[in-house]
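**Q** The structure's right below; bear with me while I get my questions together.
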Amino acid sequence: MSSLANLISNIKANTASNPLVQKGQKRKIDTTEIKRPKKAKETIQKSNGPSVVVFDGSVLQKKPVYEEKAEKKRFLDSRITTVEKVEEKKKLTPKEAEEEAENERHDVELKQLLATSKLLEELERDEMTSKERRRHTMQKLETLGVKPSTKEKMPLSLKLKLDEVHKRRNLAKLQEAKDLGIYHKSLKHLYVKTAPKKRNRDPGITTGVGKMKGATLTLQKSEILKIQRQGGKSNKKFKKK
């Protein structure tokens, strides 16, 4: 028995001095320590006690602070061009404001003087060509309220030549589209100007009643009743006589 007790004591001493066994024991201790607070947390979550929430009403009164209205607009705007800061307009002093107003008045007076001075117009007219004079008079009339002419006149021969050039270019584009295989009848108006179909409005020989379609005369009920009434009136007159 004494030998067995000695053997057990030796084994315990060896295991206690063994570093690997010590590491394993430490790990077990750590895991038990980690697991214990989790259980405590779970017990806290499961507790059905009343939860206290502190509410402060001052949070609702707080609003985002913007330095200026322009900056607020820039912040809310979706365009990228308004990312740059808006330049602040410097307020003019009363003296500077008076000077600015006086300068503007002088500018208006000078403009009116140049526009209405007859001497300058006469000097300009002497140097102008006939075409320039006509253009000058038209500009003056436009200032008075005359509608400006949309197209300037050109010689007929020049216009016909320009039309021919346009036709050739359009035909070349049309041929190119056909060669590439992207042409369709519905796209012809994009390449060539097609003349609008003129509707034949000649009624021909008509009776004044109904509509002729091909070789058939179509009459409406109202027209037939009208003819019958007219016939009835004529018969009555004939009988009275």
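Any Cβ shown, glycine's included, is placed from N, Cα and C.
Feature annotation from TrEMBL assigns region 'Disordered' to 1-47, 87-107, 126-153. The compositional bias 'Polar residues' annotation in TrEMBL covers 1-20. Residues annotated as compositional bias 'Basic and acidic residues' in TrEMBL: 27-44, 87-96.
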**Q** When the compositional bias 'Basic and acidic residues' (87-96) is classified with DSSP, how many of its residues are helical, how many are strand and how many are coil?
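**A** The counts are 3 helix, 0 strand, 7 coil.
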**Q** Going by DSSP, how much of the region 'Disordered' (126-153) is helix, how much is strand and how much is coil, in residues?
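**A** Its residues divide into 17 helix, 0 strand, 11 coil.
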